[in-house]
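As recorded in TrEMBL, the features of this protein are as follows:
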type    : residues                   : note
DOMAIN  : A:40-161                   : domain 'TRNA-binding'
DOMAIN  : A:422-497                  : domain 'B5'
BINDING : A:475, A:481, A:484, A:485 : Mg(2+) binding site
DOMAIN  : A:748-841                  : domain 'FDX-ACB'
Ligand SMILES: [Zn+2]
């Protein structure tokens with residue numbers, strides 16, 4: 001909401017010297033946040049000048065500048081002509097111009113000082129409109145006062161700031177959705193009075209007093225809402241007034257157009273400008289109908305199936321049964337109540353007789369219609385936040401007054417005012433509640449005083465106060481609502497600062513700690529943590545080699561995605577992490593190692609409908625269970641991507657490109673960091689290379705995830721370099737599995753005895769399989785096993801490979817003999833032989 | 001006379017000849033002093049201290065002397081050998097020290113050749129900031145709660161007193177899940193975790209939530225479709241807005257410095273009543289510069305929303321609003337990071353350029 005300060009002064013006694021920033025500072029105290037102050041940015045000497053001499057001086061750069069002397073009266077302190085260089089050419093000697101003198105400041109903090117330029121000392125500037133923050137004056141150069149203000153009686157040295165309206169300021173405030181009444185000057189003026197104690201004059205009071213009562217001669221209006229929403233009548237008050245014989249071609253006067261413009265609305269025509277003006281002044285949206293187009297009485301009813309209306313924005317709209325309509329005789333739709341009028345009954349320049357509608361429409365009805373038709377009109381914005389139902393007659397009166405004053409014409413004696421808005425209900429308030437909720441000691445007098453100040457009627461006869469809110473505060477329903485009023489009018493700055501003393505918490509959860517450990521472990525190994533927005537497309541799933549149908553069955557689709565290309569929630573972190581990899585590479589970072597910990601969708605079965613329920617009600621346990629169950633599972637995954645060198649080249653030697661084994665080792669390190677035994681086997685799962693994909697599992701078989709080299713097709717489809725490697729694992733599985741404390745075992749201190757063994761196996765046999773049987777065959781005295789060499793070639797048969805292991809044995813209670821160790825080694829080899837066909841190489 | 005010659009040509013020295021003994025000692029000392037390396041010293045040692053050295057022979061000769069001369073000769077030869085022994089030890093130590101010094105000099109390298117074989121990775125600064133804020137809450141005795149990002153509308157809105165028709169529900173720029181009646185949204189705030197925590201844990205309750213939330217904002221320098229919030233909820237008997245202010249002040253001073261306090265300003269949120277917007281003292285000017293660009297001269301910077309938990313929220317979550325009161329607050333973690341580090345373009349936070357995180361350490 002833009003609040004022209006000059007307009008505000010009409011309703012509340014803003015101190016004469018208060019500037020826009022001061023008004024904004026006062027309003028923020030009562031909860032109207034400052035969005036900005038417009039205008040009033042020109043400070044210091046800005047005066048009328050008369051051009052005495054003008055010498056064009058061509059420059060080397062092809063431009064011609066004018067060296068001028070300008071009479072600025074006594075404004076420069078000397079009365080001598082001011083020497084000024086000016087680049088514009090749309091003026092001549094003897095013309096009156098606007099001159100800014102040294103010491104002044106123009107919009108944007110542009111400070112003016114005398115400066116040397118083009119061989120002269122230019123002491124100021126002859127101003128153009130845009131330099132002063134004024135709208136384009138069409139001059140194509142500097143302002144010529146004879147053109148801009150032909151009737152102004154000015155002389156050199158006169159202050160040009162008020163002359164050009166540059167002293168006018170508009171304070172833009174943010175109005176929270178509970179304060180519909182502050183979408184009006186009337187409401188903001190009231191709040192300014194609350195904030196400062198300045199005297200407030202409610203403009204509606206005088207107007208209401210002058211508004212004649214409803215009578216038989218009024219235009220017939222029938223309220224026939226047969227389907228109220230949530231029990232509220234769609235229209236509970238309708239005031240209609242008629243002015244006949246108006247000349248709507250009359251121009252809107254400058255003062256009114258200026259106020260509208262400053263308030264952010266474009267002047268359009270007298271009828272529209274007057275209704276907008278009244279809305280801005282009093283917060284009551286109005287609608288004007290051309291009386292000549294009306295056939296019968298105005299009937300307010302819900303729309304019928306199949307009904308249509310061409311609205312003022314020239315759109316033919318199919319109406320919804322919930323839409324509340326203003327109709328001609330009940331048949332023809334004229335307007336969507338409180339949202340937008342129709343074309344047929346529109347007031348035009350040729351209209352002479354106007355019916356002014358000043359009605360009170362239900363917030364829910366207007367909100368839903370406005371949303372459904374995507375028509376967030378100024379009227380709808382006010383109705384859905386709550387309009388004062390008692391302001392309707394005053395608003396109609398102001399509109400009638402202005403139309404007659406500005407367009408001529410006569411007011412009909414007939415006045416319509418039908419309907420009966422419900423009166424606000426009394427709220428019981430324990431006078432100690434404000435102190436108990438806010439933590440400031442307020443006396444009962446304080447509480448009663450504030451509530452009366454904001455317009456409440458307060459009955460103090462009982463133990464509890466009985467408080468009836470004013471008609472313009474439909475947001476006040478409960479005792480805490482009143483507590484906020486007390487707190488904000490007394491000032492939030494009075495609230496002390498006290499640290500509460502919780503009973504003592506249990507620290508981070510195991511899962512929270514695990515996530516930190518995992519992330520820290522990866523960062524320590526050279527990976528950078530990133531995060532991505534979780535939105536993907538079918539195409540991305542296909543590019544990653546997932547089945548698009550199956551992927552969709554695991555996730556949910558966003559109804560209103562930012563990009564129609566990415567309407568799905570991701571089912572793997574890799575699916576969005578690849579974008580980050582690509583971005584880094586495209587920015588010239590060749591060697592990238594990144595990871596992300598984030599949620600993915602893992603829906604199983606049909607998507608359930610999650611119930612909603614009215615606010616303030618505790619749902620039954622089974623309802624709550626159903627709501628929780630309808631939220632799809634969202635496990636936390638870890639994804640890793642490596643591209644380029646994992647060990648860089650440099651003076652120390654060659655680099656080493658990241659390969660599948662790095663990805664596997666990183667996942668293993670995560671398991672190790674959590675003291676988890678994570679087994680590895682070969683797998684073929686997208687998006688990985690079918691021959692370079694490791695699958696990880698817990699000892700009980702629970703799947704942890706995959707790592708390896710990305711499938712060449714995936715790299716190609718996503719525009720990634722070849723041989724990118726990565727991993728995706730379920731961190732929740734690891735969290736769950738690592739929740740038990742490790743049982744400590746004694747550390748053997750006797751000497752280590754080692755024995756090496758080379759085994760020849762079929763190519764298809766994996767190292768993990770061989771290692772597993774060697775371990776079990778060697779028994780508990782085996783402390784460590786390392787695959788220290790692998791070989792394929794002349795020394796072994798085709799289709800075979802050699803795996804060389806170093807077995808290290810140690811006992812807790814003695815030094816092992818070579819004999820013992822050889823026996824254990826032979827057992828291990830025998831076990832490997834029978835399980836995998838391994839033959840010891842000799 | 002060199003020790004080497006002596007080795008070739010052993011000289012018999014009589015233990016009874018003091019001059020000869022003296023000479024042998026002098027010869028030995030001179031040989032040791034003349035030894036320029038440990039190898040030379042070793043040779044000199046063999047010559048003058050070894051089995052065939054004059055003093056060794058003299059020593060051996062003592063046994064053959066008459067008993068009357070034995071004592072004196074023994075004393076003399078013993079003293080001489082002691083002298084020689086000490087000298088060789090001293091020279092040995094000297095030469096070893098020289099050698100060690102020389103080796104260390106020879107082994108010196110240019111330590112300014114900084115290797116970058118495998119640079120350290122980084123945690124994301126936003127994650128670190130969230131962690132830091134969570135730790136502050138934990139330190140105050142609160143616990144950290146969590147919830148899903150695809151959330152039921154009931155938790156995101158209804159439970160929090162966002163009426164289906166209230167403009168505030170429309171103002172959230174919500175991502176809705178298909179179909180239209182799915183009842184699911186991407187959570188627009190971390191506040192649904194409040195409702196989950198109250199239902200699951202009961203009261204009294206002091207929980208904070210660090211999490212990612214979503215709004216339908218296009219990515220630009222000041223907006224992200226996904227961002228991070230710290231949510232706090234305390235429900236207990238006798239809690240007031242003063243406790244809210246106390247908690248916020250502590251957070252602000254811990255994160256941004258001792259002299260950074262908060263200001264509460266009346267506002268509106270469906271889930272709190274009374275409601276407030278919380279402002280932070282301007283980091284740049286501390287409220288002292290009317291021309292400050294950081295705070296537009298107001299001295300305050302907006303940080304988040306807060307207030308006393310609305311009775312409807314307590315009721316919806318099964319908490320007796322007549323017995324318990326509570327306060328809640330939510331603030332941007334990304335913004336907090338920006339305040340703390342001067343970072344100013346939100347795109348850098350989400351783009352994942354590894355050079356962004358590389359500016360920071362592992363502690364924000
Ligand atoms: Zn500042």
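Just so you know, glycine gets a Cβ as well, placed from its N, Cα and C.
Those TrEMBL annotations? Automatic predictions, nothing curated.
All protein chains shown were included, and the count of other CB atoms within 10 Å of the CB of residue A:481 (Mg(2+) binding site) stands at 19.
In three-state terms derived from DSSP, residue A:485 (Mg(2+) binding site) belongs to a helical segment. Here residue A:484 (Mg(2+) binding site) comes close to no residue that lies at least six apart in sequence on the same chain with a C-beta under 8 angstroms from its C-beta. Listed in sequence order, A:178, A:179, A:180, A:386, A:481 are the same-chain residues six or more apart from residue A:475 (Mg(2+) binding site) with CB atoms under 8 A from its CB. Secondary structure of the domain 'FDX-ACB' (A:748-841), assigned with DSSP and counted as helix (H, G, I), strand (E, B) and coil, comes to 31 helix, 32 strand, 31 coil. If you take the C-beta of residue A:485 (Mg(2+) binding site) and look for same-chain residues 6 or more apart in sequence within under 8 angstroms, you find A:450, A:451, A:454, A:476. Residue counts of the domain 'TRNA-binding' (A:40-161) by helix, strand and coil are 9 helix, 48 strand, 65 coil (DSSP-based). Residue counts for the domain 'B5' (A:422-497) under DSSP, helix first, then strand, then coil, are 31 helix, 10 strand, 35 coil.
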